[in-house]
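Per TrEMBL, these features apply:
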- 6-120: domain 'Tetrahydrofolate dehydrogenase/cyclohydrolase catalytic' (DOMAIN)
- 139-281: domain 'Tetrahydrofolate dehydrogenase/cyclohydrolase NAD(P)-binding' (DOMAIN)
- Gly165, Arg166, Ser167: NADP(+) binding site (BINDING)
Amino acid sequence: MTAQLIDGNALSKKLRGEVAARAAALTAQGLKPGLAVVLVGDNPASQVYVRNKVKACEEAGLHSVLEKYDASLTEAALLARVDALNQDPTIHGILVQLPLPAHIDAHKVIEAIAPEKDVDGFHVASAGALMVGQEGFKPCTPYGCMKMLEYIGYETRGKHAVVIGRSNIVGKPMAMLLLQANATVTVCHSATPDLAHFTRQADIVVAAVGKRNVLTADMVKPGAVVLDVGMNRTDDGKLCGDVDFAGVSQVAGWITPVPGGVGPMTITMLLVNTIESAERAAQSVDR
Ligand SMILES: Nc1nc(=O)c2c([nH]1)NC[C@@H]1CN(c3ccc(C(=O)N[C@@H](CCC(=O)O)C(=O)O)cc3)C=[N+]21
């Protein structure tokens, strides 16, 4: 292994400590920051993620409410819950865990969240703000990736970044953040004919496809930074990313592991967005 590891757990520990200090200061002022997590159905992966989010809140001194509903919950009932949380002054962030059951229109639910409580950064208003460079919540996973680049002191200006994947929650916002950080950005996806042609030119590769071994050693420029957003399982049930870690870590300069890389950073940035939202709420009360 020649690449240096970008340790998402270590960076998370540092950043969550900062969140905890800000949460303590707000709490002392009489405003306890609060996150509501809404889970519909019994997707086993979602159960684990949601539990991790609630646990992270507790450890950082944030108040959290977990609302669990069974898969038969109607769209109207969910929209009514979101509206109640929008009105609730003890809640500063609302996260509706995805995926939602097929009978519920996820877009409709996300658009129902008040943008000032959209700590996932999934609302069209948040996406639009990111696109035009206005203030708004950044989606947690790409935001966490940018923090990892900052952590290793990586200068993105003038570098070529290749993002593999074009989802609304990772690929597209990742490209926007890198662009804002003065990188030259290429977005590749399932219809890109020769992926390796692009990745071989990249100083930064972000793999966000959801498929194992999308990126192999022969596709990586020596010294490149490789950020692995994938969350997959090997045949024997172990968690793994989109990157062939064993091979790519022989060529790359920096690499994120899975687990212990981007995953914990996603939760960390959720806490950061929530504390930010609570601080904004505190300021609007002060005035
Ligand atoms: N509204 C919404 N917001 C989300 O942010 C959201 C979502 N829905 N739906 C599902 C995905 C997935 N996601 C993860 C977050 C952290 C880890 C994480 O901490 N992973 C650990 C390992 C966890 C394990 O062992 O399973 C790691 O990589 O080290 C993983 C996955 C957030 N998501």
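Placed from the backbone N, Cα and C atoms, the Cβ positions cover glycine too.
Excluding Gly165, Arg166, Ser167 themselves, the residues of that chain whose CB lies within 8 A of the CB mean position for the NADP(+) site are, in sequence, Val163, Ile164, Asn168, Val170, Gly171, Lys172, Val187, His189, Ala208, Val209. When pLDDT values are averaged over the domain 'Tetrahydrofolate dehydrogenase/cyclohydrolase catalytic' (6-120), the model yields 97.
In terms of DSSP helix, strand and coil, the domain 'Tetrahydrofolate dehydrogenase/cyclohydrolase catalytic' (6-120) has 60 helix, 18 strand, 37 coil. Note: Arg166 (NADP(+) binding site) has non-local neighbours Lys172, Val187, His189, i.e. same-chain residues 6+ apart with C-beta under 8 A of its own C-beta. Counting Cβ atoms from all protein chains shown, Ser167 (NADP(+) binding site) has 16 others lying within 10 Å of its own Cβ.
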